[in-house]
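Q: Grabbed the feature section from TrEMBL, which reads as follows:
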type	residues	note
ACT_SITE	D:130	active site, proton donor/acceptor
ACT_SITE	D:158	active site, schiff-base intermediate with substrate
BINDING	D:200	pyruvate binding site
């Protein structure tokens, strides 16, 4: 896999039910705007707020609608549940499994490595590591990623730390065959400069065309143009991630006419002021 | 509820299956050693490493075996799953639901309060707040707890922060009707001095008699004796919580002859040196 | 040393000059209200905002005015400056030196221990360790304190972590000869229960009588009365420490009629709303 | 100012005295290797372990020896001491003052801004902001830097956070006239891509030629070459900053034949294994 993959938002109805029709539409909406693959059940999907069955159903629906590869988020705090969710994703036809570092209980790095090896041994589809310290308070080190890259079924990683030093080290330690994706939209072009194979960007739910254009410019050698475009998106990216979270992301998607639906509790809808701020940012696209 | 309740460890087989027989035995083992209530599916149970169905089953088994009240852990990162798990616990006959602060996604305090009110509105059994910053990186403030105490179905709280300032403030702000439990075994006697109604202590899986004795001494007015006994348990308490985690807890339980079983991955068994350290600490009981 | 020692605020004029007359008065003001010793140049003194010479002068003035023992804060980030400041304090007649963990550069625990041994070897007066994580992001562990207690010129410690588990462990590991002071006013009575020899409490600048009374009640065996009085002071204590800092402390002192003077920049005066909040809290004394 | 400026290490004798001769030599050593300006009394200088007088003397010596501009570190936790140190630097002939965010006491952003405005109002030389969260636990936000850039005597900033998102935002919010330097050696080339005017890099004490070459390649449009060279230096950079600190930096400098001298306590010399690791890394230059 390479290029831009949105960690697809999951449309819920105002009552919090999975809105299957909107999800199918959303797949078409982002694909029509130029993304290279799809990532259902990542953090932006609110996977941690869904049941195991709902997560499997979301992957199934996305696979059915998609004409590009599908990388499904399947990580849980425990090994058993991760294996089970990964199997369900494989059964649904996903092309790979994105496995977040186990959270809630603290584990040392040896335990994390053992965990990933067991997930990868068991999985019928390639496994991608996923480090997202803002949510888990866990950082998978570049050294650990480099060692795990030797496993034949560990195919790559999404790093959402935004730490370019770590990014460069992982790129070097994990080798060229490792599919390495940046998960921090504000520094995506820098990460491509550092050797990323693409980006899995929450922002690509709101501005798939612009994210695809960053990647395309970089691929064609216009690294400065890629950075310039990325720089123009930083305030929007912050607003739909670190500042206003998933409710902000969904409000911005609605402002663009995307079938985003509502966020699940404990998330709460953005207030009117935030909505207007997001509409202004989206209007600048 | 009042007194000492162990956040019951969940015995798993070496392969990681739920060991129902050992769980039933464990209920008897701790009850025989003087605890006042039982807390299945708390953090020490590895609930976050179990499926929804397994958690429900664990509660069911404990309710069946127990002759004391049962407070079941039912919290998930999302409202829907928490409501569902709470309903399953009520159906199984639990006397109350212990609901950890939602984790993974960050939420502001307003969202946390709304969340707890919705859980409490929906639940058929009394709801207890649960703040455990070492696992969730979330601290439910005393002010929020004080406001939530006004809800007719919010019955109390377990505070595992170990922060005596917060403990005292919550005691005062939440009022006398609020069942307030300390979750930090090293400072349990101090918390009783500060007005706790009891303790939900991981340590009570290993040393139920001693934990019950701390409570008893305090109840009889021997606050100094309670603190002295507690002080003698601090190294053991640290070893089975902050230092060696659930694998340490289970190793110490085995050293006492309790039917503890094994921990689930990503947890890994303690090494021999740690096992011996734990055996020495247990031998001092 | 034992009992209550205020980490004496340093009165500055509105222009930021040391106000020697007010400092002399302040010594009398707190002594008249029952404190057992004085701690100039602690954190509440804004020592880090003063020059070496000013710090020495403050100690000199306090020694001149005091009729109780004087424990002078002398710590800097570097060993040389700490030795020099300690010598100046000894020359001025201080009875002991309170040495904060070195800050700014991170050091491992071995380096911290070596540092304290070198300070203690060099000092002509007894040295007291000082751990205050909210300011330094450094925690001196109970284990390290226990080892340092073996040094013939390490006489004790002030622990401002508020962590009762650590407090109890240090008490045990450092032995009975170690003068152990709590620095967290909200949990002072609990710390006395855990074996503290007294408290060095910012709150004692505002409410010396009440702090002395906590200590006195505890000494006479009325531990419950000590805790009750302490509990009634928690909101005031928070307001003059963690919530509003030194500017809040000085505003509260002024509300009591103490010669507190002004805080130094970057500190800024409290706003009117905070001043009124503090006046209300002080009026309840 | 622009280009590469080493935050010059301060040579001390093994006894900890300032080694004036070695400092003079060091100025020549780095200048001969192509740096564009010099930064005495930055964090790598151990300024926080020196007296006010020593810091002034170091600046004086560097100004005397230097044939390039000199930007002197002059920040203290308090406004008075910072003003005084800045005046001493101006008197010694420094071309600018680099002022670290005030540390020890926490201050809100309004207080930080007021502080910097007062420093800049008072200073006879241009003031540069300095944000170094690893040492101070304070982050000066891009928004604050953008506002401060409007002050006629705030000339620029050194940002050692390594956060490229913040870097890009500060670049945009502070405008083109603002001299913006990266302080994180592992991401220097990325920062130049993001619009940095240069770097103030601890690494430039060990490998001034390579740092200068990164800057030169970038200036000539070879951004990829700049990043490649930077990537080859990441392990060395980590070893002399985040991993082994100032003692590591000085050991690596000695391995290169630079007159580095010794570090001051509480710093301790690196052990033999670390020394060999550093020698190996330096040998790869």
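Heads up, the Cβ atoms here are built off N, Cα and C, so glycines get one too.
Worth saying up front: this structure is predicted, and the values here are computed from it rather than measured.
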Q: Can you tell me how many other Cβ atoms are located within 10 Å of the Cβ belonging to residue D:200 (pyruvate binding site)?
A: 31
Q: Could you state the whole-number distance in Å separating the C-alpha atoms of residue D:130 (active site, proton donor/acceptor) and residue D:158 (active site, schiff-base intermediate with substrate)?
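A: Checking the Cα atoms of residue D:130 (active site, proton donor/acceptor) and residue D:158 (active site, schiff-base intermediate with substrate) gives a distance of 5 Å.
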Q: State the three-class DSSP label for the residue listed as 'active site, proton donor/acceptor', counting H, G and I as helix, E and B as strand, and everything else as coil.
A: strand
Q: With every protein chain in view, how many other Cβ atoms are within 10 Å of the Cβ of the residue listed as 'active site, proton donor/acceptor'?
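A: Result for the residue listed as 'active site, proton donor/acceptor': 28 neighbouring Cβ atoms inside 10 Å.
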Q: May I ask for the distance between the residue listed as 'active site, schiff-base intermediate with substrate' and the residue listed as 'pyruvate binding site', taken between their Cα atoms and rounded to an integer number of Å?
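A: Just about 7 Å between their Cα atoms.
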Q: Let's check the environment of residue D:158 (active site, schiff-base intermediate with substrate): how many other CB atoms sit within 10 Å of its CB?
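A: Result for residue D:158 (active site, schiff-base intermediate with substrate): 30 neighbouring Cβ atoms inside 10 Å.
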Q: Check the DSSP secondary structure of residue D:200 (pyruvate binding site), expressed as helix, strand or coil.
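A: Residue D:200 (pyruvate binding site) sits in a strand per DSSP.
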